[in-house]
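Before any comments, here is the structure.
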Amino acid sequence: MASPAPPEHAEEGCPAPAAEEQAPPSPPPPQASPAERQQQEEEAQEAGAAEGAGLQVEEAAGRAAAAVTWLLGEPVLWLGCRADELLSWKRPLRSLLGFVAANLLFWFLALTPWRVYHLISVMILGRVIMQIIKDMVLSRTRGAQLWRSLSESWEVINSKPDERPRLSHCIAESWMNFSIFLQEMSLFKQQSPGKFCLLVCSVCTFFTILGSYIPGVILSYLLLLCAFLCPLFKCNDIGQKIYSKIKSVLLKLDFGIGEYINQKKRERSEADKEKSHKDDSELDFSALCPKISLTVAAKELSVSDTDVSEVSWTDNGTFNLSEGYTPQTDTSDDLDRPSEEVFSRDLSDFPSLENGMGTNDEDELSLGLPTELKRKKEQLDSGHRPSKETQSAAGLTLPLNSDQTFHLMSNLAGDVITAAVTAAIKDQLEGVQQALSQAAPIPEEDTDTEEGDDFELLDQSELDQIESELGLTQDQEAEAQQNKKSSGFLSNLLGGH
């Protein structure tokens, strides 16, 4: 029965090679480039180094745990496991209570006046008292037999053997990092001793200054905080969460500031474009339709009662009044000046009433305005000046147009000419009457004056006598009376002016 087995196995195994022969050959794997191969090799080396470091750390942790157990015993190892649980913050309430207890113990040790050996003795005494109380309670409750059985069968049972070396693992990892740091520092010392000396001196100086300003108690408390808080941040990834939130806020802030700046730039450019377009449209519109501001017009029309204002027409249809001047009106004294100048310039062609009379008086021979007329006019001007000043200071007066000015000037010129003529005639008549009254009745001189002059000025009584002697008619007397009336009317008119 043993002989047919090989053929059966051979028969059963025959189809397999046939299937393998019938199956198509698998394609060869793609060949990687040299750079990729080198990168893969480096990654494999790094992974192997990490695995080796992990194994070394685990081995060192095991050795440290064994050494601590051998030196301090199981109670110390149990305390180490409890401390590991507290520092890992697996149970937040217990970790918080341990943190508060550690702070209280630290500040008690820092502020108490007792020395270190006093504190150690107190701690040992407290431990002994606790153990005695525990024994008494257990002996009374369970009895001596139970206590003996418990003491005889006492064994250390660890339900979680994997968590025991955790604190020792951290200690071992820290020790390995410290040993690596020492090796690197020794290598740095061999390569550059000067830099190493400078670095060590700088570090020592820094810690000296820090210790002079910050007490050692504060530094120790900071170490305690780091021992409790660093595992909390590391286990819960609090630092990574805070960093991600801060990064998102910074990104939003950066984006918001950039968008705000770009928006302000766009608004400013649009405002500049609108302003330039508006300025161009306003210039075109102002060229077609000039605007007259009320404030500018009021300022131009603001005048005072000092001098004559100068009115000038501008290109846009407005007029300008020089500030501090008074425009000419019908009540202004300056309107008489050009009329008097024109009258005195053209009065030289007016025929003389004396007609060659031999008088050398400048007032009588001058054909200008008489002194009496000037005196009366000065009196009238002195009376009218306050009223004119009050009128000019009372409000603003606008200049007259060309037609009104022409009519006003013509009327004033006519009135002035009429008044001047009447005053001249009256003065001449009064002068003739005074000369006749003062002159002596000498016939020879009269005949001489009659021969030398064209006419003779006689007194009124003499005129009446001559008229009666010559036998004038009543019509001539009526004409003489009309002349008297006209002269009286002219004198009254002159007195009114």
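Cβ coordinates are placed from backbone N, Cα and C, and glycine is handled just like the others.
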Exercise. Are A83 and S179, as given in Swiss-Prot, on the same side of the membrane?
Worked result: yes
Exercise. According to Swiss-Prot, which residue among S95, S149, S186, S410 is annotated as phosphoserine?
Worked result: S149
Seminar exercise, completed: Students should find that the region 'Disordered' stretch in Swiss-Prot, chosen from 256-275, 436-455, is 436-455
Seminar exercise, completed: Out of S139, S153, S348, S352, Swiss-Prot gives the annotation phosphoserine to S153
Exercise. Out of S88, S151, S174, which residue gets the phosphoserine annotation in Swiss-Prot?
Worked result: S151
